[in-house]
Amino acid sequence: MAPYRLDVVTLAPQAFAPMGELGVIGRAFHAGRAELVLHNPRDHASDRYRKVDDEPYGGGAGMVLKPEPVFAAFDAIPVCGRRRVLLMTPQGHPLQQADLQRWATDHDQLVLLCGHYEGFDERIRTLADEEVSLGDFVLTGGELPAMTIINGVVRLLPGTVGSAESLVEESHSDGLLEHPHYTRPAEFRGMGVPEVLRSGDHGAIARWRQEQREQRTAARRPDLMQRWQQRFGADNDSEHRA
């Protein structure tokens with residue numbers, strides 16, 4: 001089976017070097033489950049100074065990423081199976097777990113376009129199938145959002161995480177936050193582990209965890225709780241917990 005291919009168009013390819021060395025994501029790359037390929041627009045610049053930015057038409061602060069080197073870098077990327085092109089921009093839709101699951105399941109290749117400088121030429125948007133943001137804030141470039149997406153997608157690929165069950169139970173997998181976790185010791189500085197978790201009653205443990213997920217989501221993220229209730233129906237809460 002061919003590895004899941006991740007192509008990144010970036011002016012800072014060195015920023016991605018640690019991804020191949022750390023934790024389960026690095027092991028996934030070494031095991032051939034995923035492949036990371038970096039493309040620097042500077043390698044496609046047409047002048048001897050490898051210039052990739054210019055002043056904005058109409059004036060204004062900062063420099064704008066030119067379209068020619070970005071398009072040239074993009075055109076050099078082969079299409080490998082079911083490809084999706086994502087543009088990293090604070091104007092994009094906020095990244096959700098459902099996006100990561102969709103990209104990991106429905107596609108074999110992601111192309112991640114990282115902006116830089118004050119912004120990018122508007123024509124670069126035409127390359128993208130989707131525009132993605134980490135939230136309502138601005139970073140110096142699209143590299144950190146791209147790394148976030150790479151991490152989130154690769155960990156969902158079969159074999160990356162040892163237990164598939166852990167992917168099902170974690171926060172946002174079905175719209176709810178994850179339940180609390182405890183390990184030894186049973187008592188620490190006056191704080192104890194809930195008795196139900198030490199009871200050995202798997203049914204009671206499952207019910208407790210689901211109750212904790214719902215309570216925690218309602219308290220910390222009422223927006224998620226509202227969406228979850230609309231999806232499953234408040235009348236079906238007890239059935240969903242069973």
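Numbering starts at 1 and runs along the chain as displayed.
From the backbone N, Cα and C atoms, a Cβ is placed for every residue, glycine too.
Sequence annotations record features per position, and here Swiss-Prot assigns S-adenosyl-L-methionine binding site to GLY115, LEU134, GLY135, ASP136, PHE137, VAL138, LEU139 based on sequence analysis. Swiss-Prot lists 210-224 with the feature compositional bias 'Basic and acidic residues'. The region 'Disordered' annotation in Swiss-Prot covers 210-242.
Locations of recorded Swiss-Prot features on the structure.
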residue: GLY115; record: S-adenosyl-L-methionine binding site; DSSP class: coil
residue: LEU134; record: S-adenosyl-L-methionine binding site; DSSP class: coil
residue: LEU139; record: S-adenosyl-L-methionine binding site; DSSP class: coil
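For PHE137 (S-adenosyl-L-methionine binding site), other Cβ atoms within 10 Å of its Cβ number 7.
Residue counts for the compositional bias 'Basic and acidic residues' (210-224) under DSSP, helix first, then strand, then coil, are 14 helix, 0 strand, 1 coil. Remark: of the binding-site residues GLY115, GLY135, the most isolated position is GLY135 (fewest other Cβ atoms within 10 Å of its Cβ). When every Cα pair among GLY115, LEU134, GLY135, ASP136, PHE137, VAL138, LEU139 is compared, the largest distance found for this S-adenosyl-L-methionine site is 16 Å. Highest Cβ count within 10 Å among the binding-site residues VAL138, LEU139: LEU139.
Note on LEU134 (S-adenosyl-L-methionine binding site): other Cβ atoms within 10 Å of its Cβ, all shown chains, come to 16. Packing around ASP136 (S-adenosyl-L-methionine binding site) is summarised by its Cβ count: 7 other Cβ atoms lie within 10 angstroms of its Cβ, all protein chains included.
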